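What TrEMBL annotates here:
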DOMAIN    38-428  domain 'Cation/H+ exchanger transmembrane'
DOMAIN    489-624  domain 'Cation/H(+) antiporter central'
DOMAIN    640-802  domain 'Cation/H(+) antiporter C-terminal'
TRANSMEM  25-44  transmembrane segment
TRANSMEM  56-72  transmembrane segment
TRANSMEM  92-109  transmembrane segment
TRANSMEM  121-143  transmembrane segment
TRANSMEM  155-179  transmembrane segment
TRANSMEM  191-215  transmembrane segment
TRANSMEM  227-246  transmembrane segment
TRANSMEM  267-298  transmembrane segment
TRANSMEM  318-337  transmembrane segment
TRANSMEM  349-373  transmembrane segment
TRANSMEM  379-398  transmembrane segment
TRANSMEM  410-432  transmembrane segment
């Protein structure tokens, strides 16, 4: 195929109809290359997902597959899809992504938090850099003697490049691995992140030094040594200028764009993006790679504020989703595994991998042990600090660009980076499993257990989960309403649920985790929410009998319930309270905000796996129009209605109602539904044809109906005798349950309606078993009140009592009267039936 003259390449074609092949033109070919890279890397990312590998692994392997190592062995394909003339164009587009990615890395490194991290993290980082760096110099000496052509590169730059390549730790990749392994909030995770931050800063300084020394690679030796000195001095002057002049200016911009000022001015965003480009150009002008300028500019942005978060939102998706894969795929395209041939080359690969791993792991392990960190955690830290990935590839590409690394050395180091990053997650999972100890005491699993314990020191422990600012006021009101002034103290754990997605920035993950949930207050966008939440939490922590402990769960939605249940287990909470995945807004609840099917799945899994009682809040503005109830504003009364049919879940709702009755600002009404005339037998049995997504599920446990009725009567009698005159008690004869329950919800007489989920239903609730379910996880009565378009104005709290006997649930159907002969004479169910007759 005839070679192209780079100056004759046109941007776009006139189209196939006019005889042009789009693949001979720059822009159409770039589109084809980008699409191919994204498709291949996404397929590989999906295949590697079960192994919990970072996305960068898939992107590099994708590039290697598309490059000369595999598909590129077909020369016709290589010359057509990835011709040599297209390489500068692809790499230029990818380099824009790299520039902004390094800006994000700088933005994610909080220099003040590095200073606060203390001697432990600094010592671990120092050992994790120095030992592999020295090892890298030794390996460099061997490679110079072994690989042809490398001895032409100057000693200084080659040794520094090899040292940096072996000693670096990828801060962004490490943050994601820690989050996925649920180690971010542990002692190991915090130490690893702080040490990686130290490591990152040191690595970029060393890289700047290496680039300054490298000059033009092989020709670097013939230049005046003064040039390197000038490059270094200019680089230092640039960094000082950025930190002394630009940093205060960006702080001013950050204050201008804070939540006190309603909106973030678009002009500031645009100027900042332009600043990234200018900073990159300045360092390129000096003779240090342009990415160093972008990184330093990122350091000048104030951390954790509205402005930083808005910048991340604007840049991250486009950069990490589209442009960065191009960069790492282009690294793979330049990697020809075929250059590693023969025992000598493979021996060098083993030497490089062994040196990199041994230096990093042993150095970190030894220093961690000196700081009295347990052996298993020290070893875990060593493997975590061995994470390479993104930043390693950047170093290697610069080395190849500067002609310091030839094709064979480059291929060896790329495979080393792949291997060390690949083994991190499986190894850490194998050697370090944080104590997931089950709580030794099985007490305090439900509210009624607390009621039986007369200890004055006993605490009601509640775990409240929040997604964002919208559902916090209502949850605070619910919890405050349960704050008994006479009995047990209230200990509240607030868990901010943060979804770990592919675009979750490590700055958000690390800051939320390290500050132990406080960003729940600090990071909301609108000033009104910031003020209200700050005020609510401050007032709450000052209430004498309430202890508030905020925390954060950063997890994929598929495993979020594990975090919630683990905290509930370890803190021995009696009840988990979390918001329903839908929230009604506006007058009459005409606007519905749906959090999505993923959050619905989280709620369902918590209901199934929770080690304690669970309350789901269907929020229609409970307490939003009023101040939080408390001892000082007892004139503002919250009106609560407990709907009682019978069964364990309803008794737990009744117990909660009794606690609410103790609060001076809560007025409780109990509406008990009773059957008219003789009770009619209703039988339920499993229905394999029904879907649990569209039908109610009931407990498979066989329960003594007479005993249940007795427990129901005792619970109501106990509540009436205890709160006679303070709780209004209404008995309703059931006729049309759905309409009567809806009438309570529509009446506007109550701010909150509390119902049991009804896993072991009364006869009346069992009548609804065949009803089409909109939200089956709420049970029949909860679903009726949470359904859309029914005109219900009250918020709804659905209670599920913790009971291991009722944990197995299946969709069920009513049995017709003609089918009753299948049951034995004593009324117990035959084989396969779900429960005893419900009378």
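From the backbone N, Cα and C atoms, a Cβ is placed for every residue, glycine too.
Since this is a predicted model, take the numbers as computed values, not measurements.
Note: the stretches the transmembrane segment (267-298) and the transmembrane segment (92-109) are in contact (3+ CB pairs below 8 A, sequence gap of 6 or more).
Computed over the domain 'Cation/H(+) antiporter C-terminal' (640-802), the whole-number mean pLDDT of the model equals 82. Long-range neighbours of the transmembrane segment (349-373) within the same chain, counting only residues 6 or more positions beyond its ends whose Cβ lies under 8 Å from a Cβ of the stretch, are 119-120, 123-124, 126-128, 130-136, 138-139, 142, 166-167, 169, 191, 195, 340, 379, 381-383, 385-386, 388, 412-413, 415-416, 419-420. Sequence-remote contacts of a segment are chain residues at least 6 beyond its ends whose Cβ falls under 8 Å from one of its Cβ atoms, and for the transmembrane segment (191-215) they are 105, 109-111, 113-114, 117-118, 120-122, 124-126, 128-129, 133, 154, 156-157, 160-161, 163-164, 167-171, 174-175, 178, 183-184, 223, 227-228, 231-232, 235, 287-289, 292, 295, 364, 368, 373, 381, 384-385, 387, 391, 395, 398-399, 402, 404, 510, 514.
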